[in-house]
Amino acid sequence: MLTRIVLFAITNLAVLILASIVMSLLGVNPTQMSGLLVMALILGFGGSLISLLMSKAIAKHTTGAYVIEQPRNPSQRWLLDTVRRQAEIVGIGMPEVAIYEGPEINAFATGADRNNALVAVSTGLLQNMSQDEAEAVLGHEIAHVANGDMVTMALLQGVLNTFVIVLARVVGGFIDSLLSGNRGSGRGVAYYGIVLVLELLFGLFATIITMWFSRRREFRADEGGAYLAGRNKMIAALERLGINHGQSTLPTQVQAFGIYGGIGEGLRKLFLSHPPLSERIAALRMARE
C-alpha cells in the first residue's frame, strides 16, 4: 500500500506540472473555475478513456497472453467453442480468446467494445479446473463483456478523477488563502503541496467508491455465469477458487476484471475489487432458493 501511495504522489506531481504547462500553452487559467473544469475533465477522463481504448493491448503485454488463432489441441478448441457459444447467447461479437502463463486459477475480460473484447484464462485454470467449472468462469467473463462493465468502470473512474481534481484544488485554494491571509494572491509552492496531499486523500476515498462498485459488479457477473453455464457449475467454480485461493498475481491494469481478486481483512477489504468468495457463493445459493 505504501509503495502505491508513493507512486500515486509522484504521478500526481508530474500531472500537476504537465497540466500547468499545457494550460499555459492553451491560454487557460486553471485558477478560474471554468479553466479548472476544463483541466479536470481533460485529465479526469483522458487517462481512463485512453486506458480503456488500450486495455486489450495492455492486458496482452502485461500478462504475456497469446491469442488462440488456430487451436493446437482439444483444450484450446473447447475454449474457442465455449466462448463462441456463450457470446452468441448474450448477443455480442466473438471475443479474442487468449491463454497466459500463471499458476493461479484466474481469468479476465477486457476491451472497449463489447463486440471486440478479449477473454483470457490462466494455465493454472486449465490445469486445475474441470470443464464444467471452467465453463462457468468463461460465462462470468462473458457476462462482464455483455454488461459493458469495462466502459462503465472507465466512465466511473473518469467522473471520480474529475471530482478529485476539482475538489482538491477548490479546498486547497481555500486552505492556502487561510494560511497566507491573502485570498487574492497567486498560487505558490505551498498551494501545490496542499493540493497534492488532498488529491492523495480524496483519491483514497474515490478508490473505495470504485472498488465498492466493482464488488457489486462481480455479483452480477456471477449471475451471468450461472445463466450461461448453470448455477451449480458457477458455485462449484467459486468453491474451487476457495480451495486454491491465494493473492491474485494479475497486473493491476486487469485485476478488477479477473474472476478472482485476492483476499483481505479489515480495512484492506475496502480496497478489494472482488467480494469474499463466501459472499458470492451465498448470493448464488440464495438466488436459487
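Here the Cβ of each residue, glycine as well, is placed from N, Cα and C on the backbone.
Feature list (source: Swiss-Prot):
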- Glu141: active site (ACT_SITE)
- His140, His144, Glu218: Zn(2+) binding site (BINDING)
- 5-25: transmembrane segment (TRANSMEM)
- 33-53: transmembrane segment (TRANSMEM)
- 155-175: transmembrane segment (TRANSMEM)
- 193-213: transmembrane segment (TRANSMEM)
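In the three-state DSSP classification, Glu218 (Zn(2+) binding site) falls within a helix. Glu218 (Zn(2+) binding site) and the residue listed as 'active site' are 10 Å apart (CA-CA, integer value).
Sequence-distant contacts of the transmembrane segment (155-175), counting only residues of its own chain at least 6 positions beyond either end whose CB sits under 8 Å from a CB of the stretch, comprise 30-31, 36-37, 39-41, 43-45, 47-49, 187, 191, 194-195, 198-199, 202-203, 206, 209-210, 213.
Between the recorded positions Glu141, Glu218, Glu141 has the most other Cβ atoms inside 10 Å of its own Cβ, all protein chains included.
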